[in-house]
Amino acid sequence: MPFVKKHAALLALAVAVILVLGAAIDVDASKNGGIFSLKDISGSRKALDGVTIRGELSDGYQRTEFKLTDGRLDTHASWNGQPEWLGTSWTMRTGSKTIPGRFYNVQNEGGAFSLSSHDSDESGSSIGFFKVARVSPPLSFPEGVLYSNPLNYGVAVIGERVFYTVPAAAGVKGKGIIYEVNFYDWFGSNGMQSGEFASRAVVEYSLISEKDSDRGISVLGLEAVGDKLVLLTEEDETLRIRSYDSASGSLLGDARLPDFRADILPTNKSFYRASYLSDAEEQSNRLLLHFQNLSLTRPLLLSVNLTDGAEVETAVRMELGDEQEEDSFQGFTYARERNGKLYVVKTVREINEDLPGFYRLMLPLHAYIYVYEDSRLIYQGEFVTDLNDDSIELATRPDPSRGISEDPMRYRAFRNLAID
Amino acid sequence: MDILKGFYRLLNREFVSWTPFLACLLAGSLILPIMLINSAITDEFRSSYLQRYEDLYAASGSELVFLIAFVLLCLYFLVTIYARYWGSKSIYTYLTLPVGRLSLYWSKLAVFAISLLLLIGEQFLVYRLGYSIMAGRLSGIRLLNSGLTSEDINFLMNNGFYLAHVRSEFCRILLPLGFSRLLSSLCLFMVISTGLYYGALCERSRKFYGFVPVGISAYLVVRVLLYRMNEASHALNPTGLYPSSLLLLAFAVFFIVHGSRIIRRGAIA
């Protein structure tokens, strides 16, 4: 005991240091304790040769980065000193796409369509002043016929130039026009301004089907890839994809996908939802399109090559089966055409018809890789992760009707996907 | 060498005189949180709502126990300073001892720092033990309301302790992740221990202007702690912690330099 008494302070310091260092080592060592692997479901992993798929599974506090090169998976786990805000799938989307730092709203103001441009911050919420532009297309809307999609599906942006066409539903009379619009400051220094910022009609197109003059076409939306404009319409039960030069307005290409019907609120199970998602890849001049169908189990993925006119390279009508469905709440789909194959990373949710609607959002998510060649599935694999552990607290919540959160700070999600 | 030997002897003597209090404090802040966590888990099962461990820990009151223990330790530190002026008035003996007045200063400060470090280190033990208790109790349960059992769902998150640690603001302050956080926590630690001592020395030597820097540093400590307790909600407008850390460090150095000068000059007699 005299020894302990003589060196009590030093011994205590040693104990304290051991406790603190032990905890630090313990936490650091368990950093890589999460599960992250690739499980083959069908086909050969050889389909992944020649591509690198990278991304991360992250929340605001920590992340696991992964890199899948030629079918070999590497992961790296790390934590954040300062927690990061990562944004949600709710970040302000303009129609089918997210425009970095900006979003557009469109309103019908008694025949004139008014576009407002909002700057958005990292969290996706609107900040500061906004700008306004107006167009008055020669359209008349018969009783009960309006639009085929939310109005901002008609917005396309090329650099600082903004284009607009009205997503008119089939039956709307008049003439379809793609405008290049000019914005002015709302309540700018000169007060309200108008007239002096006239918009320019770039492209005119018919709203009547070419095959059957009694039927109209429905305009789904306008997209931009590089300096080309892409008009998506549904006519004669096909998806028509026309590409235009954004400066001259000349038609560059015209492609059709047969056997396609879309509606804003589909009633028939074989219909697709008109509110599609798009992803433009400028380097390779491609437009990736993603349509959900009513039952959420048979999505349509399209890769359109615009290098030489317009060509539907890959059209995949996916079959998710009876046990899982697309997740319109948190799910994501990322697709890229590489080496003549379409690579898709996608999360889908399990189905349980017995559960009430709210609880279904707590059912497990699965992250899959699909590889399609000539529109046929040649490989499917699953990223096996701990992703679903985050919803344990939700699954046991006594009253989920109070709302469930998609807090990106606390819930892991796949982010920053890239396929090279 | 003699000075160091004297300091070392004084340090251990001081520490031994703290041990009865310290033992009670450490025992209390080990047993109480474990009991609190345990009963919080029982409450969870009754309400069928399983929170994540970091939320459970905060909700159980264990963080509050740490705060109380921390305040008690600070108070005890002040008591040991003032006790030398009461009763036997041992301060006058100490000040005339041949060990050097600086040893007196440093030994007291070191004993407080070691005690604080022990208390903090113990929190990690509590956090770990609490997690093990929760993990143990989560297997083979049936939730009373929903009827869910651990066979339906694995209630325990894989690699959950790591996640509970990096997602807990409490742990992130005590055991920081990354250099800027580590520096910030160290500076907080230093300024709290030196500032407390400096305040007492100023009061004893009737240098009341010393309360001004103590007050400013206390304000800074509160600001930094408020930020770090809510780092997640500051994710959109994060502030660098280096300026505040350097300022705190400067205060700590000032407290040490001026505090030890007060002692050396015997102004506290």
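Cβ atoms here come from the backbone N, Cα and C positions, even for glycine.
Packing against the transmembrane segment (B:21-41) from elsewhere in the chain are residues 56-57, 59-62, 65-66, 69, 72-73, 76, 115, 118-119, 122-123, 125-126, 129-130, 133-134, 137: each is 6 or more residues past its ends and has a CB under 8 Å from a CB in it. Taken from TrEMBL, the feature transmembrane segment applies to B:21-41 (among others).
The feature transmembrane segment is assigned by TrEMBL to B:61-83 (among others). Long-range contacts of the transmembrane segment (B:61-83) within the same chain, counting only residues at least 6 positions beyond its ends with a Cβ under 8 Å from a Cβ of the stretch, are 14, 17-18, 21, 25, 28-29, 32-33, 36-37, 40, 108, 112, 115-116, 119, 123, 126, 130, 170, 192, 196-197, 200, 204.
Under 8 Å from some Cβ of the transmembrane segment (B:104-126) lie the Cβ atoms of residues 7, 10-11, 14-15, 18, 22, 25-26, 29-30, 33-34, 62, 66, 69-70, 73, 77, 80-81, 94-95, 171, 174-175, 189, 192-194, 196-197, 256, 259-260, 263, all in the same chain and six or more residues away from its ends. Positions annotated as transmembrane segment by TrEMBL: B:104-126 (among others).
The transmembrane segment annotation in TrEMBL covers B:182-201 (among others).
Here the transmembrane segment (B:208-227) has long-range neighbours at 173, 184, 188, 191-192, 195, 198-199, 201-202, 234, 239, 241, 244, 247-248, 251, 254-255, 258, meaning same-chain residues at least 6 beyond its ends whose C-beta is under 8 angstroms from one of its own. The feature transmembrane segment is assigned by TrEMBL to B:208-227 (among others).
What TrEMBL lists as transmembrane segment is B:239-257 (among others).
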